[in-house]
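The feature domain 'SCAN box' is assigned by Swiss-Prot to 79-161. Here Swiss-Prot flags 161-188 as region 'Disordered'. What Swiss-Prot lists as zinc finger is 303-325, 331-353, 359-381, 387-409, 415-437.
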Amino acid sequence: MEPPGPVRGPLQDSSWYEPSAELVQTRMAVSLTAAETLALQGTQGQEKMMMMGPKEEEQSCEYETRLPGNHSTSQEIFRQRFRHLRYQETPGPREALSQLRVLCCEWLRPEKHTKEQILEFLVLEQFLTILPEELQSWVRGHHPKSGEEAVTVLEDLEKGLEPEPQVPGPAHGPAQEEPWEKKESLGAAQEALSIQLQPKETQPFPKSEQVYLHFLSVVTEDGPEPKDKGSLPQPPITEVESQVFSEKLATDTSTFEATSEGTLELQQRNPKAERLRWSPAQEESFRQMVVIHKEIPTGKKDHECSECGKTFIYNSHLVVHQRVHSGEKPYKCSDCGKTFKQSSNLGQHQRIHTGEKPFECNECGKAFRWGAHLVQHQRIHSGEKPYECNECGKAFSQSSYLSQHRRIHSGEKPFICKECGKAYGWCSELIRHRRVHARKEPSH
């Protein structure tokens, strides 16, 4: 019997691929985990995907939900949850297996992807896993969608390491040294970068020195030097290079020191550490990266509020918190003049003026202004009712419905008529009662 041919369309033949209330609940749990992760990483500039609305703009807890364009991020979150789920986190073996199925489906999306695409996801994941540690951050920073793209990134990196033909030029004496000229050729820095492609046990230099020299190769590689170096635009430092350098710098004890002449020295065990001259712009870029490195969290909350004693991992979070005490609201809406403590709250508020509704339901296409409203709406499709009454066990899809239901047990009547003082448990009852007074009023 011949084996079946490859499946070309999305996989749809298993019942546990279908969306369920369990899948929606897991999506919400993973979204909360994503928001906490982003907060720990100090990514203040990232857009907050899930907000509770303008009435809760002062709350510091914000949630994240998946949007079109953020699919790769959420897919990576589900992949990590699938790989790192622990048995102790689940009520029992059946629940553990069920949650793994849900996370696997949300990561690989068999209802959307073909068998070949799913195999490519798995091969790419394993390929990135077997890469040397020094290259994993580099390749992941390019967000490859397939194994071929990952290989292309590595091949491009290797091409950059190929030695260039030496062009003879006039010798320069010490008096002719330029402000940002290296005393040795660029080939030494590129050679240090090539060391990162070797296995760890064969690397002749400490990690920090490799990263430092690699960083120098990035900020100085500009091809042939022009005659007028004063007008040369400084090579920019890319986000990926910054990330790689910061990660390596955080794991090493070497010290980088800037002298008053703009010369950066690497104080390292190797006595042959290079001495390099940079332009002021390049030195400032390096200083900014060192500042970013100092913000890398150690897990300790070292930043304490002098007003209330609350502590934070990031100093930037402390600055935002202190506005609660000072009342400062530096972000102002240009349309209505309303002010806010955080820029993210201003961005949410501006949706009222623009009419933007970025949160769209995948089931019916209905759009919402706030992520919380989308979550509530999706419970209509999933049938999820997470809010349960402690008195009678009745469940509800929204917390407001549960609050209204509890008045039946408590006898609370918060809606009071201003005319006669009569109280009601429901707003609709008060509205009907007011019509009685309206009919009794004499007509003019």
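Cβ coordinates are placed from backbone N, Cα and C, and glycine is handled just like the others.
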Give the nonlocal contacts of the zinc finger (415-437) in its own chain as ranges (CB under 8 Å, at least six residues past its ends).
404, 407-408
Model confidence over the zinc finger (331-353), averaged pLDDT:
86
Where DSSP helix means H, G or I and strand means E or B, what are the helix, strand and coil counts for the domain 'SCAN box' (79-161)?
62 helix, 0 strand, 21 coil
